[in-house]
Amino acid sequence: MTSTPIIPADLLPADGRFGCGPSKVRPEQLQSLVEVGSSVFGTSHRQKPVKDVVASVRSGLADLFSLPEGYEVVLGNGGTTAFWDAAAFGLIREKSLHLTNGEFSSKFASVAKNNPFIGDPIVVSADPGSAPEPVSDPSVDLIGWAHNETSTGVAIPVSRPAGSENALIAIDATSGAGGLPVNVADADVYYFAPQKCFAADGGLWIALMSPKALERVAEIKDSGRWTPDFLSLPIAVDNSSKDQTYNTPAVATLLLLANQIDWLNGKGGLDWATSRTADSSSRLYQWAEASEYATPFVTDPAHRSQVVGTIDFDDKIDAAQVAKILRANGVVDTEPYRKLGRNQLRVGMFPAIDPEDVSQLTKSIDWVVSQLG
């Protein structure tokens with residue numbers, strides 16, 4: 001093939017962004033930066049204009065997730081990567097248990113293992129593309145797993161394992177929050193970042209924390225454990241109660257996040273969002289199951305994610321070449337997770353992505369593959 005094929009316009013999605021984070025940002029979100037930005041950009045994050053944005057985020061999330069009584073919306077800078085360290089310092093009393101089945105679910109386990117103030121964690125692993133069964137152990141005081149493993153497209157429902165009464169349930173919902181069904185009462189810490197379902201930039205973490213989790217934060221603080229201020233959950237809880245962050249936040253991220261939360265709530269809340277991602281994912285998986293050359297990577301339909309779809313290709317088809325041609329035609333970020341090393345495409349299907357665009361994507365892929373033959 002000497003030149004890049006041009007996909008017919010009637011096969012292309014209206015918006016070609018299918019990344020798994022950062023993800024598609026709606027035009028209305030960008031417009032909101034222009035409309036309200038002049039009143040908050042370049043102003044103190046300790047004063048009312050920016051604090052009102054933070055308050056909008058916190059109250060909007062409380063509505064979106066039907067936050068149980070006593071739960072708090074806590075936020076801080078640094079994204080989920082920083083929160084893993086904050087949790088190791090401020091939520092694990094002595095020892096944790098982690099379910100791992102991919103790159104991101106393994107990271108919290110690694111952080112816990114390397115923290116000098118707590119014991120080595122118990123790690124229950126499953127191969128990429130599959131899901132470990134949530135379990136408990138009487139020796140642990142925190143159990144954690146990923147609601148959605150972004151690298152592989154595996155979703156594990158949120159629940160309290162039998163025998164876990166004395167442990168916090170900490171769910172990494174970085175790519176699942178806002179796009180997968182959840183009853184937040186089934187977790188003590190449901191934490192995430194804005195660049196997936198919430199269609200904003202990264203660099204912020206948000207945690208929905210139960211009274212039990214807040215008590216643990218206070219308990220560990222009172223124990224005198226040393227913690228860097230940037231990773232201090234007591235400081236984050238205190239600042240969040242005042243609609244602030246410990247250090248200066250990226251205001252654009254907060255504005256994009258606030259607008260997306262308002263949009264989701266205005267459309268019908270979490271029920272609407274999850275029905276939309278279910279629609280998108282059913283289109284992708286049904287196409288792959290009917291295809292002669294593609295198949296869902298996650299073999300168990302019960303664990304196929306509604307927000308991140310991974311599709312394996314027959315060895316005769318070079319998925320990397322397909323992604324390259326798609327990108328040249330404005331359909332971007334369908335490449336697989338780099339460390340997984342599979343001949344596949346990975347498709348983000350967050351609420352901002354129109355299900356019709358997912359259908360158009362499958363048509364574009366079929367056309368590209370026909371040209372490669």
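Including glycine, each Cβ sits where the backbone N, Cα and C put it.
Per Swiss-Prot, the pyridoxal 5'-phosphate site holds PHE104, ASP172, GLN195, ASN247, THR248; the candidate it also names there, chosen from THR81, THR150, THR152, is THR150. The Cβ neighbour count for PHE104 (pyridoxal 5'-phosphate binding site), using a 10 Å radius and every protein chain shown, is 21. The C-beta environment of THR150 (pyridoxal 5'-phosphate binding site), restricted to residues of the same chain at least 6 apart in sequence and closer than 8 Å, consists of CYS20, GLY21, GLY102, GLU103, PHE104, THR174, SER175, LYS196, VAL308, TYR337. Of all the binding-site residues listed (GLN195, ASN247, THR248), GLN195 sits in the most crowded Cβ setting, with the most other Cβ atoms within 10 Å.
It is 9 Å from the Cα atom of ARG46 (L-glutamate binding site) to that of THR248 (pyridoxal 5'-phosphate binding site). Fewest Cβ neighbours within 10 Å among the recorded positions ARG46, LYS196: this applies to ARG46. Counting only same-chain residues six or more apart in sequence, the Cβ atoms lying under 8 angstroms from the Cβ of ASP172 (pyridoxal 5'-phosphate binding site) belong to THR80, PHE104, SER105, PHE108, GLY144, TRP145, ALA146, HIS147, TYR191, PHE192.
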